[in-house]
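Step one of this worksheet: look at the structure below.
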Amino acid sequence: MRDGTDEFVVFDHVQKSYDGETLVVKDLNLSIGKGEFLTMLGPSGSGKTTCLMMLAGFETATHGEILLDGRPINNIPPHKRGIGMVFQNYALFPHMTVAENLAFPLEVRKVDKSAREERVKSALDMVQMGAFGGRRPAQLSGGQQQRVALARALVFEPELVLMDEPLGALDKQLREHMQFEITNLAHSLGITTVYVTHDQTEALTMSDRVAVFDDGRIQQLAPPDKLYEEPENSFVAQFIGENNTLSGVIDKIDGDRCTVRLTSGDLIDAKPVNVTKPGEKTLVSIRPERVEFNKDRLMPGAHTLKAEVLEFIYMGDIFRTRLRVAGKDDFVVKTRNAPDQARLEPGRQIEIGWLPSDCRALDA
Amino acid sequence: MSGLPIYATTGQRVWYYTFRVICGLIFFFLIAPIAVIIPLSFNAEDFFTFTPKMLALDPDGYSLKHYRDFFTNNDWQQALWNSFRIAPMATILSVSFGTLAAIGLSQQHVPFRRVIMAVLISPMIVPLIISAAGMYFFYSRIGLQGTYWGVVLAHAALGIPFVIITVTATLVGFDRSLTRASANLGADPVTTFFRVQMPLILPGVISGGLFAFITSFDEVVVVLFVGSAGQKTLPWQMFTGLREQISPTILAVATILVALSILLLATLEILRRRSERLRGMSPG
């Protein structure tokens, strides 16, 4: 979907401070391609919403430049930026009907009445709300309000749409459905979307690329699969998906292989990511679904760890087994519920291992 | 009786009825002085008391002569006209300035918000006679004393606190993201104010306006100081009427004013319900 050469939105060394002392956003550099669906993901207070507000024009950057289609927009007021936005609480005008809400951006743009009605109608049809034009927002359910908010952000055909946790207030099923609808709409209309959320599932399923924010910085900017499989630091590894961590010290480094001595004294194989020399402290991270029980599937000479089964949880599609490994009793393994999959009963002693490429040695 | 559970003790039963009696007495204390003037205003005689004929419900004991007097007497008509010339203009000024002040003072970044707010509200707290005396000296100095605009400005100053309080209260419930949404959709700040913010805070603005109107319409102290014979308002006329020629016409005027107040308060209540509906508190 992404056209790599065309930089539509650029954050150039952007900083933001509310009180003149602490930086909420620290030296942000980010380019977003035309037509790209980019998600800003991070815990609350990580600076993601502030970035979105700066892009919308509701906050000003303390330092640095934001460019939209090559033009600096720092001095352009919000109402002249022409950026669509879906607000967290939808921000529908309660005193106007749905159709009036949608007509509002067209009215202020002096679109004549017949063209206006046509565009309102097609925007409502686009979100399957055609029959609700005459209702007030208070008469709609959360999901319907969400659709109207989406239609209102799109009706004036902006090239860039911002979404600030738009699905936060919906129940799980509706949320999953809307995730699918929003991505479909964004891609079929070819608009650039910047989406803010703290929900990692949402980020992974919807985005072309995800920017993981923490402490006012982008910790990693990557497509969802890369983010999940190849986290670049321990924050990203912890934040995205479930993750087992073991702490230790680098024993040996040899290219893209390293040996880590855990605090328990055991040796394991790992892939060095942001560690450089022996003796350095490290946190190794292994995804629960990449742990192997079957010794035959491991490489010859691979290190293994002794583990004791503490708990076996049947979750339907998967089994979730909690183990005590290297002195830690929160090591989780997920296995698929396949006919040949063993169910490990608590108390059993087993040996586990993994491919060195699945075990990433990160900063401690 | 309803409201009293079956298992209530004797003490609870006694208190239940005593409480009702006390409430009734308080209500009577508040309403009686107003209620009594209404039948008296239809007195056929020039007295402030119930005549035997009235008590016997004899139609001859009642008449509309005091109302007729009010609508034909030049003094009263001039006073009524003055009141209707001063109160609406004072209300318009109070509403415009009060609304703007409330909106400005609701912004987080305004320095000394609390101090400014306290100053603007002070006409409501400072004893009226003090404000009136102060205005008298100040307005004399700048040539406003004894003029129409002097009285209008003085009444506007008295009405502004009501508007500020009611509009501030509505703004507390106002969702700031709506103005952001409006800006985001391309509306400049002025359009945003008139199309989005104003319609939603309108109930507060109108009820503030009603209070300001009633303040000006009922006010006697300030107008005595700041006004001259040319600005003799209805309350002023009633005041002098009481002192100089005791005439039951005052009772007729009072009845009309009570009716007007009830009408305004009913309007207020209807507006409040409308605003609740708009905010989605009760859909439908």
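Any Cβ shown, glycine's included, is placed from N, Cα and C.
Unlike curated records, TrEMBL annotations are generated automatically.
Feature annotation from TrEMBL assigns domain 'ABC transmembrane type-1' to B:80-268.
Annotation source TrEMBL lists transmembrane segment at B:21-42 (among others).
The feature transmembrane segment is assigned by TrEMBL to B:86-105 (among others).
Marked as transmembrane segment by TrEMBL: B:117-139 (among others). Outside the transmembrane segment (B:117-139) by six or more residues, the chain places 101, 105, 145, 150, 153-154, 157-158, 160-162, 164-165, 221-222, 224-226 with a CB less than 8 A from a CB of the stretch.
The transmembrane segment annotation in TrEMBL covers B:151-174 (among others).
Per TrEMBL, the feature transmembrane segment maps to B:200-226 (among others).
Taken from TrEMBL, the feature transmembrane segment covers B:246-271 (among others). Panel annotation: around the transmembrane segment (B:246-271), residues 34, 37-38, 40-41, 43, 46-48, 66-67, 69-70, 73, 76, 202-203, 206-207, 210, 213-214, 217-218, 234, 238 of the same chain, lying at least six beyond its termini, place a Cβ under 8 Å from a Cβ of the stretch.
Counting Cβ pairs closer than 8 Å and at least 6 residues apart in sequence, the transmembrane segment (B:200-226) and the transmembrane segment (B:86-105) reach three or more and so form a contact. Counting residues 6+ beyond its ends, the transmembrane segment (B:86-105) has Cβ neighbours under 8 Å at 113, 116-117, 120, 148, 151-153, 155-156, 158-164, 167-168, 171, 197, 201, 205, 208-209, 212-213, 216-217, 223, 231, 233 in the same chain. Long-range Cβ contacts of the transmembrane segment (B:151-174) within its own chain (Cβ-Cβ under 8 Å, at least 6 residues beyond either end) map to 86-87, 89-91, 93-95, 97-99, 101-103, 105-106, 117, 120-124, 131-132, 135, 139, 144, 197, 200-201, 203-205, 207-209, 211-213, 215-216, 219, 222-223, 226-227, 231, 233, 275, 279.
Remote same-chain partners of the transmembrane segment (B:21-42), defined as residues 6 or more beyond its termini with a Cβ less than 8 Å from a stretch Cβ, comprise 48-50, 54, 62-64, 66-67, 248, 251-252, 254-255, 258.
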